[in-house]
């Protein structure tokens with residue numbers, strides 16, 4: 001079955017899927033017509049990412065409750081006591097509807113409405129914000145899940161590609177493009193990656209909110225777009241290499257976070273240093289100078305290649321931004337000895353404020 005036939009059955013506009021948009025000059029969809037022995041990417045297969053994402057969310061919930069949570073408790077990860085908040089409909093209404101940090105004049109007004117001193121209103125909002133901050137066990141469980149997936153993804157991808165000549169020689173990667181048959185195992189790996197990033201987007205409102213929340217959203221959107229477009233345009237080989245380069249450092253970062261939550265200071269620092277080296281080498285050297293360079297020089301310009309080029313540039317800008325944060329953290333923490341704090345940590349009240357509030361409530 002040819003791709004145009006499938007797309008027509010899906011009810012998708014033929015104009016949107018015109019071969020001049022998706023394939024390089026001179027190629028048409030008929031060139032990717034499947035046979036009994038030769039398979040090519042089919043756009044309808046991407047719909048499997050929806051049940052795939054839902055399944056991963058279920059697996060994640062089971063993993064966190066049955067494995068990560070008991071493991072965290074066994075290793076001594078405990079949540080801090082949070083100060084209790086006095087019930088106040090006025091203050092709670094303002095907190096939910098108007099903001100978590102009222103201005104000075106708003107504090108005065110709220111104090112009059114609730115018949116409380118201004119100082120107590122300030123304390124109430126500080127306690128209320130502390131209640132909404134993520135628990136340490138929650139952060140440990142999330143990091144454990146991401147570590148497990150990234151670790152499995154990276155080494156599975158490496159096992160799939162290490163014997164492929166086009167993995168080591170990027171010139172071979174683009175030979176006979178786009179008429180490059182799709183091994184079924186690579187197609188499933190692609191769908192798994194797409195499902196995972198869709199699941200991350202779906203759970204963003206419920207996960208720990210980090211300082212680079214906006215950058216995370218941009219990254220997930222760019223990644224999902226690149227996976228979708230590269231699959232439809234049969235750039236599977238290139239896409240696999242890009243995903244493997246990115247997965248190389250992700251699992252190390254999650255491991256460093258786990259060690260940080262366990263308060264294993266020295267081991268955490270060592271792992272984070274390894275992460276910094278791998279991240280910079282993979283994202284600022286290998287990706288732009290080898291992977292991206294060959295894409296620009298070997299692939300002819302056509303609409304989809306221009307779109308991929310734009311999103312790859314967005315990813316590279318994010319790499320530079322995160323590399324700056326990493327280098328800043330290494331300089332501040334290791335060289336200057338400042339207090340450790342994940343450069344991408346969640347926003348929360350200071351430990352000092354919480355300790356003072358707890359002491360007052362004893």
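The backbone N, Cα and C atoms fix where each Cβ goes, glycine too.
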Worksheet entry | Candidate ranges 143-162, 163-182, 343-362 [criterion: TrEMBL lists as transmembrane segment] | 143-162
Worksheet entry | Of the residue ranges 5-48, 49-92, 93-136, the one that TrEMBL records as DNA-binding region | 93-136
Fill in: DSSP-derived helix, strand and coil totals, residue by residue, for the domain 'Homeobox' (91-135)
33 helix, 0 strand, 12 coil
Practice prompt. Select the range from 185-206, 218-245, 307-331 that forms the most Cβ-Cβ pairs under 8 Å with the transmembrane segment (270-295).
Written response: 307-331
